[in-house]
Amino acid sequence: MSKSNTSSSWIAQFKPGDRVEVSSDDPGFRGSWFAGTVIRREAKNPNRYVVEYDQLYEDESGEKLLQETLDWIQLRPPPPPPEKKKKVQFKFGDEVEAFHSDGWWEGAITAEHSGGKFAVFFRGSKEQIVFEEKDLRLRREWVKGKWEPPFEQRSLEKTETRPSKVAKRESSSVSDAKTPENNSTNVGKGKKLSEPKADSNCPKEVMKFTQGMQVEVTTDDDGFKGAWFAATIIEPSGEDEYLIEYKTLTNDDDTEFLREDIRACNIRPCPPETIVVDGFKVMDEVDAYYNEGWWVGVIAKVLINCKYVVYFKETDEKITFKQADLRPHQDWLNGKWVVPSEV
């Protein structure tokens, strides 16, 4: 969702019977794509389509395939398979999509294992799962009728070595996709399945913070998922837990800044400032400053005077922002900042 050089006026066109992949708006499904077929185009709104999923059903009985009405921006054609003579060679740091729970989920390869297996880290759930090579594909963006980057750039076995963009993790912290807990074939059909979920506890290895450190804090509370708020570390308050003071949120009577005990895995350093010279483009993944915090979204439309319409998948909202209130989205992964659009 993060790379585009298209103009804001371009709109994808599909017709009944077209095979598509759908980016879901449902909570817990950010970064996933599910296969389906276009049934029809809405008469009143030609930018919306009725799509029938291949493997998702209306209920647990599995008798009737699920149909949904979706905006064009949520649809793309299935990426073409790699040429037989040009085998893709996955490597550490690659941005990929992994087939899991009947859909393709965006992640990054964080470790290479024997037997053609790779550990993939999912940012949304902060979990790693090991996949076989056949269940992976390189991540691509569908931009103005073309795949970016073009497939031929990474389709040969021998590719240019790029600097690693994510840090390796110990294999002991990786769960195997073929165990009963994670094997997608063991998951019942008939409903949408949530994103691969991590243990509710923090990882064993978390960053240590010091008193007075400027950080950003997130929470799993309803209505705040995907938002980061500026804060200051006050002191440790337990094992892998810190008392923090928000810099923009106040208590109920607005007399002082709010303080809370936060788990270390929900705290990160402030991201480095990134200067955007040429502005943002449609489908760029950004953080938007709204309601005292930074909320992850995607550029849906480019307006005049350095303004942008940002689409928030968690709430299915579109809001207009000035460029000064936006920043490129980055993820804090194993002690390094990762830009989703980098491959």
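Note: Cβ is positioned from N, Cα and C throughout, glycine not excepted.
Per TrEMBL, the feature compositional bias 'Basic and acidic residues' maps to 154-171.
Marked as compositional bias 'Polar residues' by TrEMBL: 172-187.
Among the features that TrEMBL reports, domain 'Agenet' is placed at 12-83 (among others).
The domain 'Agenet' annotation in TrEMBL covers 88-144 (among others).
Under the heading domain 'Agenet', TrEMBL lists 207-275 (among others).
Shown for the domain 'Agenet' (278-334): DSSP residue counts in helix, strand and coil, namely 3 helix, 34 strand, 20 coil. As annotated by TrEMBL, domain 'Agenet' applies to 278-334 (among others).
The region 'Disordered' feature in TrEMBL is assigned to 154-202.
Note on the domain 'Agenet' (88-144): mean pLDDT across this stretch is 85.
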